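Read through the structure below, which is laid out as structure tokens, and then see the notes.
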Amino acid sequence: MNNPVLKPLVIKIGGAILEKESALNALLNVISQLKNKQVVLVHGGGCVVDEMLAQAGFTTEKKHGLRVTPKEQVGLISGALAGTVNKAIVGTANSMDLAAVGLSLNDGDMISCTLSTQDLGQVGVPQTNNSKLLDCLLKAKFLPVISSIGALDNGDLVNVNADDAAVAICQLLNAELLLLTDVNGVKDADGEYLSSLNAEQAQKLIEQGVIAGGMTAKVNAALHAAQQLRRSIAVASWQSPEQITQLLDGHGVGTQIQPN
């Protein structure tokens, strides 16, 4: 796995792509054409979670773009992400002959979690643990589809921010990472898309309120990954799945988050 030519590609999806069947199909079609590339999909699904919580009479609270997960909502959120969303993606992928396998972060002891100290309730901080399951699946040419549900050492389920989950899987496999979002990248104060962004620039834009909400969490996760892996991380739009092949060909796509 450490041969750069053979580095797997971790793609994080979420947001509106999960509500737009044609967009998911287009992404999976591009993945199906990457014949010699090992790919792992990591997904969130906040839109589906919000809908299911509302149907159950719960409200949704977020802090700094991160979901607050009260203990009484964990079962419902886990069912939405590891169940409904995960199996829908797997079903679509398998209909396209992609041999998808649905997983959560704690399957095969891949990722261990500790409870977040940010007063977010049952939210986990992911840490790499054991790559054996993913190694076996990728070697056998399966497409792992991983939900952002993990578990603490005592077995309690926790919700993990999907960007953080993707970063952890990326670190576990020493992989390339592409964070797909609803927009073409990160914007500057003038509303123009940035081709690259480092920690100092990001902090300034966050303080100015230019980077806000869910994009704050995404940029912070990408910066963390860039620092840990010592290479740039791409934040790009799911609306242009052809960018994946451009990225693999060495071209810059979206906003490249740079290590210091």
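Using the three backbone atoms N, Cα and C, a Cβ is placed for every residue, glycine included.
What you are looking at is a predicted structure, and each value in this text was computed from that prediction instead of being measured.
With G45, G46, R67 listed by Swiss-Prot as binding substrate, the candidate from N130, N154, N159 annotated for that site turns out to be N159. Rounded to a whole number, the C-alpha distance linking N159 (substrate binding site) with K12 (site 'Transition state stabilizer') is 16 angstrom.
The Cβ of G46 has fewer other Cβ atoms within 10 Å than any other of the binding-site residues G45, G46. Apart from G45, G46, R67, N159, the residues listed for substrate, the same chain places the Cβ atoms of G44, V49, D50, T69, I77, A80, L81, S148, N161, A162 within 8 Å of the centroid of those Cβ atoms.
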